[in-house]
Amino acid sequence: MPKRLYIDTVGCQMNMLDSELVVASLRQQGYELTTKPEEADTLLFNTCSVREQAENKTYSHLGVLRDLKASHPEKIIGVMGCMAQNHQKKIFQRAPYVDLVVGPGQLHQIPSLIDKVAAGEGRQIEVSLGRRDGSRVEIARSHESFDPLRDPEMRPTPFQAYVRIQIGCDKFCTYCIVPSVRGPEQGRRPEDILAETRHLADQGTVEITLVGQTVNSYRGQDAAGKSWNLADLLAAIHEIDGIRRIKFVTNYPKDMTDELLTAVRELDKVSPYLHVPAQSGSNDMLKRMKRGYTVEQYRDMMRRIREGVPGAAVSSDFIVGFCGETEAEFQMTVDLVEECRFKNSFIFKYSEREGTRGAELFLDDVPFTVKQERNNTLLEIQNRISLEDNQKQIGNTLNVLVEGISKAAAKKEDADDSPVVQLTGRTHCDRIVVFDGNRRQIGQILPVAIYDSASHTLFGEVITEECGSELFMLS
Ligand code: 5AD
Ligand code: SF4
């Protein structure tokens, strides 16, 4: 009987990709996926350390498994990803029934580590060197990128895929744990990225999202010794037949070059969508965060985006309640959000992370209730802006990559047999669109006429060539 694997993934796109690759490698060893922990032989948790809440959630998930492990000691429980690197042996102390702790730089070892546990060799731990535990080269080598061949069946939407172009981060923003757990920034070789993208295109992938912590800082060297940047990569990927959309996340404001903006404007397949976190609208906060730019420079970057890529959608991240943030400083963030009119913003309450410069240098002195209030205030403003901008889309026809059945339709019991269902997809600019259609249209890019909007969703009707906006002939 095949062995069964349960995997729980939280966190960023990098984690989604890592989970896909780990599952693919375990499937090659004969594993099948299950969504039920109690049916699984091996249970893996791919974890996030960016905020304390994410770590607490993982510990509470692990807590639930205590009884299961007590009654089935043969089941193997593993913690992988950022929290494994961050907490290391502490995980065994808090959850003594965990068998496996594997950092993001050792994921390729998971199949052999599981075998070791199964063979009775006891608990296994594999993590990378810390940022102060060796030379840069040694530390970089201890963080290995895990990029084996891809398995489209392992993705919720086989026609969309993440492609890693960079691992690690060297920016060391004072609040952020990522440089410690994901190690030094390393660009993948351009030839490897292109080969993987060609392979994905051959498997039917139409949309590629290039991922890196600071994806636009990418530098890679090819076999001939030539240095490539992100604009070079976009141009080369643009030539790959079958790929119809190219996105990239996450951008670092300081590295948003005119050359990159020109590539976004001129290469049709590249989505006019840029996620460029600002984090704060106050220069004092940006300095404490060690973001490496001023609000004036961020504004100038926004001007260059608006002029260089007309119609581009820009989204951002903000941290509220970072150490010492005053009401006046928060107001400057509000002003920046009002001014930049982001498509959407991800807003986070500051969460102190042990081991960061922020935790060493500054006091986490903004009360939780104030963080909560500021979070709500900023979210409300952003939602209003998102709604206003979405309303401007009413009457437009947008090309939508159909991603699947909408959440609402998936919940309905009869969703499985009716030919017409509510579908969801995304525009080139990354706007979510919901419309009625046929499940056979999943994976296609279709023109959809927008007739209504909410702050984060557009509502539309598929346009057919013969009779304009029509639904039922599509079955
Ligand atoms: N607390 C709150 N938010 C954080 N982020 C990173 N570190 C922290 C932290 N310690 C946010 C940043 C980043 C996003 C991925 O998570 O806004 O852009
Ligand atoms: Fe963290 Fe800053 Fe690197 Fe982003 S750029 S991963 S926020 S250290």
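Heads up, the Cβ atoms here are built off N, Cα and C, so glycines get one too.
Whatever TrEMBL says is automated annotation, not expert-curated.
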Which candidate from Cys82, Cys169 does TrEMBL annotate alongside Cys12, Cys48 at the [4Fe-4S] cluster 1 binding site?
Cys82
Long-range neighbours only, meaning 6 or more apart in sequence with Cβ under 8 Å: which ones does Cys12 ([4Fe-4S] cluster 1 binding site) have?
Cys48, Val50
Please give me the CB contact count at 10 A for Cys173 ([4Fe-4S] cluster 2 binding site), counting all chains in the structure.
22
For Cys82 ([4Fe-4S] cluster 1 binding site), which residues of its chain lie six or more apart in sequence with Cβ-Cβ distance below 8 Å?
Gly11, Asn15, Thr47, Cys48, Ser49, Val50, Pro104, Ile177, Val178, Val181, Arg182
Tertiary neighbours of Cys169 ([4Fe-4S] cluster 2 binding site) (same chain, Cβ under 8 Å, six or more apart):
Cys176, Val178, Pro179, Arg182, Glu185, Gln213, Thr214
Quick check: with Cys12, Cys48, Cys82 left out, which same-chain residues have Cβ atoms within 8 Å of the centroid of the [4Fe-4S] cluster 1 site Cβ atoms?
Val10, Gly11, Met14, Asn15, Thr47, Ser49, Val50, Ala54, Gly81, Met83, Val178
I want the residues beyond Cys169, Cys173, Cys176 whose C-beta is within 8 angstroms of the mean position of the [4Fe-4S] cluster 2 site's C-beta atoms, in chain order.
Lys171, Phe172, Tyr175, Ile177, Val178, Pro179, Gln213
Within 10 angstroms of the C-beta of Cys176 ([4Fe-4S] cluster 2 binding site), what count of other C-beta atoms is obtained when all protein chains are considered?
22
